[in-house]
Number of protein chains: 2
Amino acid sequence: MSEVHAARRSRLRDRRTTAGGGAVLVSRPANVRYLTGCSLPGAVLLLGADGRDTLLRPPGPAAGDHADPSGAADGLYHVTLPGDGVDAAVAAAGLAASRGAAALAVEEHDLSVARHRALASAAPGLRLADLGRAVEQQRLVKDEEELAALRTAAEITDHALGELLESILVGRTERHLALELERRLMDHGADGPAFPTSVATGRNSGLAGHRPTDRRVEEGDFLTVRMGARYHGYRCRIGRTFVIGPAPADWQVELYELVFAAQRAGREALAPGAEYRGVDRAARQPLEAAGYGELLEAATGHGVGLEIGEDPRLSPAAMGKLDACVPVTVGPGVHLPGRGGVRIDDTLVVRPQADGGPELLTITTKELLAL
Amino acid sequence: MSEVHAARRSRLRDRRTTAGGGAVLVSRPANVRYLTGCSLPGAVLLLGADGRDTLLRPPGPAAGDHADPSGAADGLYHVTLPGDGVDAAVAAAGLAASRGAAALAVEEHDLSVARHRALASAAPGLRLADLGRAVEQQRLVKDEEELAALRTAAEITDHALGELLESILVGRTERHLALELERRLMDHGADGPAFPTSVATGRNSGLAGHRPTDRRVEEGDFLTVRMGARYHGYRCRIGRTFVIGPAPADWQVELYELVFAAQRAGREALAPGAEYRGVDRAARQPLEAAGYGELLEAATGHGVGLEIGEDPRLSPAAMGKLDACVPVTVGPGVHLPGRGGVRIDDTLVVRPQADGGPELLTITTKELLAL
């Protein structure tokens, strides 16, 4: 992996050099991990004005899933700080100044006002600038290593969910089902869940951010599961809704078919060059037309990668267009207060039609299963 | 709980009024939860210059474990934002200005430079000041509700660990043991783990931040477990080291007795008025005297509450003195590279000698058990 990280750093450097040069400090954890493989909390990356890249980290265990402990093969200098309150970002500013940098671009959306001030005091000669979301921009389009990790995450997720569907669900609580799903994710090789697993039954079903309760699954319930594996740091999401019992009620079939049609429309709108808000509109319009506009969330999908809700955001006000190799979720849902509802989420990778169109990573069936 | 939160807000207000008045914006998630009970990500609290308290929250599920959905009984106005990128802190600044505040104290250690700038633009007439760590300071000494939650968290933790000790451990992997412990925490009523459960075997044992691997437990291993429950938001920690097999080796007994003596010295140093660094020194000195100074972490303990590593920090450079009703961990450890090691952590509440001295919350035995 170390060559991959070195290549990513050199792409960032190339973009910066054209934009003005100087040293660059990356402090946002997901960005540090993307550029170095190090997932240790508090670690920062300094791209020196002198061409040297340095990872500054607090003392502690080895630096993450993909860390290269030698620090030689990956062209990255490793500095372990003495701990006890030394802020790696402040130390990095001092290091940049001592190596002759005149300017330092920092992530102003990540550094707190207090850290930024400490950094300015530690290196008074250094002119501080804003790097903005340059690394997040670079993270939008995924490389083959990243897509491979996402595919594995989705495979693990499908396996874990599939096993659950083979077991008896009636009488079990939302909390126990969620725990069981997370255990199965780990059994299949996940680093952990991509986000807290949500299991929602009966009148809770279809709620976007439902936290599992002690409610037990009953005959006639809608059961909504939203879950995903984290694998080598990469996170995916699946959302499925089932019916418990021999046959769904008419209102359940109708609502399911509506949400399914909306989700399919969203998936089919994914293409290189498609506007973010166009994809959102495709998934949102059928639900609005059915009178559920007021019940919808602000976004119907978002990018996934090292974070579960990263750029782009698929929402009515989002500006921008999709590229190939951008993985996103498409997951509209409707929750009818007091009754329950339906959510269907997939993780897909945007691909041109010539390559077969969007690549569906989460392949568990979206037929309405009666369990 | 709502009266408790109202009382906490009014204490914060009292301290601020003497210090200059004006509106106050609390954005750090643990601080918002402490003052409102709301644990929804992105929610902020505005203490208005006009005496009104307002919780501003993004749209989403009901606002956390202890939220009062009515918004009436707790003297707190609730504003739900329209979502789609509206930052609650920015909205709060606009609200403060529209209600006639001239100044707004913000948490500069929490707000990013970019958010702070957006806030300043949204309310150009408002003078921004720094609230500093006023809420964290107030959170140091716990009230009875908080201590009760911590006691329950510790009870759950002891139960979960106790059950594991009754099962067969040889042949099971670190990852599976960690998952099993987390499942048992939930079975006993935890909201979740207080932090990722660490199980370290053989040469991994005694490592401070070890992430469980697929290594299996073997005869003769040291086995270190560090875990804790989260209950009503409150987090505790226990750390224990066991030996696998009929009898420990001599080096294991020696190392265990040394770390145990150091940990006991740290516990016994806990008293109202004791210096943070004095407690650290008590736990550190026996290990340094035995030649392990270079192997120790920067801190031997820290405060616990809504966060697992909150103020105070028990380290050589920490300034300040303990008060009664401050819960802390005391957990020194030694890891011998290539061989393994020992960690012993407890969560205790500082109490005066007249009240019986420090209250031990995590009561699992610290005898060296051979399992």
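Using N, Cα and C of the backbone, Cβ positions are placed for all residues, glycine too.
Per TrEMBL, the features are as follows:
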- A:8-141: domain 'Creatinase N-terminal' (DOMAIN)
- A:149-351: domain 'Peptidase M24' (DOMAIN)
- A:194-213: region 'Disordered' (REGION)
Sequence-remote partners of the region 'Disordered' (A:194-213) [C-beta within less than 8 Å, at least six residues beyond its ends]: 153, 173-175, 177-178, 181-182, 221-230, 235-237, 241, 244, 297, 304, 308, 333-336, 338-343
Local confidence of the prediction over the domain 'Peptidase M24' (A:149-351), expressed as mean pLDDT: 95
Secondary structure composition of the region 'Disordered' (A:194-213) [DSSP: H/G/I, E/B, coil]: 3 helix, 4 strand, 13 coil
Residues in the domain 'Creatinase N-terminal' (A:8-141) grouped by DSSP into helix, strand and remaining coil: 48 helix, 27 strand, 59 coil
